[in-house]
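Pulled from TrEMBL:
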- Gly96, Asp97, Pro98, Gly99, Ile100, Gly101, Lys102, Ser103: ATP binding site (BINDING)
- 67-216: domain 'RecA family profile 1' (DOMAIN)
- 352-454: region 'Lon-protease-like' (REGION)
- 253-257: motif 'RadA KNRFG motif' (MOTIF)
Amino acid sequence: MARTSSTFVCQSCGNTTSKWSGRCEACGEWNTIVEEAPLSSGPAGKTLGAAKGRAAKLTDLSHPEAPPPRTACSIGELDRVLGGGLVPGSAILVGGDPGIGKSTLLLQAAAAFAQAGLKVIYASGEEASAQVRMRAQRLGLEQAPVKLAAETNLRDIITTLERERPALVIVDSIQTMWADNVGSAPGSVGQVRAAAHELTTFAKGRDTAVIMVGHVTKDGQIAGPRVVEHMVDTVLYFEGERGHQFRILRSVKNRFGPADEIGVFEMTGGGLSEIGNPSALFLSERGNPAPGSVVFSGIEGTRPVLVEFQALVAPSPHSQPRRTVVGWDGGRLAMILAVLEARCGIPFAGLDVYLNVAGGMKISEPAADLAVAAALLSAREDVALPPETVVFGEISLSGALRPVAQTENRLKEAQKLGFSTAILPRGGKAKGGGMTLTEMPDLAAVVGEVFGAG
Ligand code: TYD
Ligand code: MG
């Protein structure tokens, strides 16, 4: 007889075991293991070896070197993040905080791809069709040839898709979908995984692209098991801060394009509009040169983007001084503070340090090390850098500066935006064009020559 016993699934990491325990042995979380009915049970008596399976020669596949055909839409920033348009049969997960604008973005995307000639279905489990229609009206998209489906039962959705055979289906959100053959509640790990699995399998089999919205947890992960991120081809995060108008769509994984690509949007009364020149936007709030403010010439995905680092250094009333970072890695900040102290004789003991990336951008490139160090020095020494200066370079633990990739592109973008000077590592074989290059061997030289300290 077929085994129909349940499995036990960790609601935090998705690890599956055959027996319950108080603590997940995979991720170490307590009280996260829940009994769930198996995803689907195979035909009675069949062993795995008896199932059908087939392998094809790599060389037999038609045109393996041909790039996948893509459909571009009128939202260029979205196409860019997808790697140059939508790939048929691809599965895409879009995560983001509640209220950040995911539904708005995807309704606009649905309309744009429909106008580009694709058959699009927008399946909403969060809002009734009337609500979606109202939103479309507000966005001026009520005439777009998009079909709406307000369904949450996976079986109903798959039936609809089988009948309609769309080229793109948008599922908003994956957490509201439920499969009636899985015994756990909607939103649970088992349900999310089953729904993502069914939808991606359908996508692959029918050449239907599927975009799934996923809610994120408090610590910024897409809620549900990490396995969903592994199932899909592309994972995008829609980021931004409530107080700010701009939103960033970032690819963190993409089988069909570069990861770390960003698209920049602005939330307006009429929906999201594209920002073609993000550098100008991120620098728009910059006033007169102030101590602690440094412009970094970074690379996001395939294009250069200029952003402003702001630092504040002040005597601390606490025995344990504060280190507060927004938009940059706290561990990396600690490292730069340690290098400044150990290699350049600039102590930060007894000082509170605040570091912020203006505009709600998140920077993860090590190339920003030197810009961070310059912002910290500028704040601590109360010396503003000359106004038309950009800074970039990686700092090693020895205090040496390492040249970074795409130096030319970084300089070109800076020059385009009216910057005339760059502080950068020596040895990058940089050609400045019209810019003055201050090439530095190590951090101690920057401390002495740029800030007159040390
Ligand atoms: P929404 O797309 O519903 O967010 P999510 O699906 O990520 O939860 O966006 C909700 C916010 O966006 C809401 O606070 C209102 C704002 N908004 C605008 O500012 N302009 C618009 O045209 C629309 C449709 C929404
Ligand atoms: Mg929504």
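Just so you know, glycine gets a Cβ as well, placed from its N, Cα and C.
Set side by side, the binding-site residues Gly96, Pro98, Gly101 differ in how many other CB atoms lie within 10 angstroms of their CB, and the most is found at Gly96.
For Ser103 (ATP binding site), the Cβ neighbour count at a 10 Å cut-off comes to 21, with all displayed protein chains included.
Taken residue by residue, the region 'Lon-protease-like' (352-454) breaks down under DSSP into 37 helix, 25 strand, 41 coil. For ligand 2, the binding-site residues lying close by, meaning a CB under 6 A from one of its atoms, are Lys102, Ser103; the full candidate list was Asp97, Ile100, Gly101, Lys102, Ser103.
Figure note: comparing Cβ neighbours within 10 Å for the binding-site residues Asp97, Gly99, Ile100, Lys102, the maximum is reached by Lys102.
Averaged over the motif 'RadA KNRFG motif' (253-257), the predicted model has a pLDDT of 91. Across the domain 'RecA family profile 1' (67-216), DSSP assigns 63 helix, 32 strand, 55 coil. Take the mean position of the Cβ atoms of Gly96, Asp97, Pro98, Gly99, Ile100, Gly101, Lys102, Ser103, the recorded ATP site; other residues of that chain with a Cβ within 8 Å of it are Phe238.
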